[in-house]
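Features of the protein shown, as given by TrEMBL:
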BINDING   G59, S60, G61, K62, G63, T64, R172, G215  ATP binding site
BINDING   R85, K106, I107, V108, G133, F134, P135, R136, R176, R187  ribonucleoside 5'-phosphate binding site
BINDING   N140  CMP binding site
Amino acid sequence: MWRRVASLSSSISSSFLAQTASRLNTWESLTTGIAQQAKGVIAPKEKTPFITFVLGGPGSGKGTQCIKIVETFGFAHLSAGDLLRREIASKSADGAMILNTIKEGKIVPSQVTVKLIQKEMELSDNHKFLIDGFPRTEENRVSFERIIGVEPNVVLFFDCPEEEMVKRVLNRNEGRVDDNLETIKKRLTAFQALSLPVINYYSERGKLYTIKAIGTEDEIFEQVRPIFAAFETVG
């Protein structure tokens, strides 16, 4: 299912550090103020956010790898799925709409998800964000860049065969509203149809890293580690 994007994988070569340094120099600060004055003291400039998008179908293992990235490199983990499920549990008007949308296997409106992500970013003291399960569509991507005002530094794509993803989801027994065979199939169809343009876009921008998501957690993480280790070295 995912062979079409296999060619998009970014290789980690001897020029990797140079490419990384170039990318880091392009990012602007998430905050609009360069310096603010308070009681006669100029406040220091906020740190430029380092944003990583994590893409992959349901059951691709991206959530598990996000935990390892957070533990190893100190990112704040923002799971789009968890934020949406939390909104559902809040019994808000948006929560009811989100629940119905997910049950139908459709994509939640971009502005709703971006606003939830934005709120978490504003509340965090961290400047490194790992945004899991987003953007899933081109509309998601455009909305994020318009509302937040920045592009990601890194985009990870966890490439996993469909049959393996289905098996993993059905076996995880976490009680999620969308973890059933019918909904999984709808989600996989939606992911394949809507996420390839996003993956292609970031590949062309030189930001995509494709991870072969088969093997043990540690084996998969050994593909992930050098990507962030290189940025840590440059930083």
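Placed from the backbone N, Cα and C atoms, the Cβ positions cover glycine too.
The shortest Cα-Cα distance between G59 (ATP binding site) and any of the binding-site residues R85, I107, G133, P135 is the one to G133.
Taking CA atoms as the reference points, G215 (ATP binding site) and G133 (ribonucleoside 5'-phosphate binding site) are 21 Å apart.
The most crowded of the binding-site residues listed here (K62, R85, R172) is K62, judged by how many other CB atoms sit within 10 Å of its own CB. Put simply, of the binding-site residues R85, I107, G133, P135, N140, the one whose Cα is nearest the Cα of T64 (ATP binding site) is G133.
Between the binding-site residues S60, T64, N140, the minimum number of other C-beta atoms within 10 Å of a residue's C-beta occurs at T64. Neighbour list (G63 (ATP binding site), Cβ cut-off 8 Å, at least 6 residues apart, same chain): S79, D132.
Here the binding residues for ATP are G59, S60, G61, K62, G63, T64, R172, G215. Their largest Cα to Cα distance works out to 17 Å.
Most Cβ neighbours within 10 Å, among the binding-site residues G59, G133, P135: P135 holds that distinction in the structure as shown. Ranking the binding-site residues G61, G215 by how many Cβ atoms sit within 10 Å of each one's Cβ puts G61 at the top.
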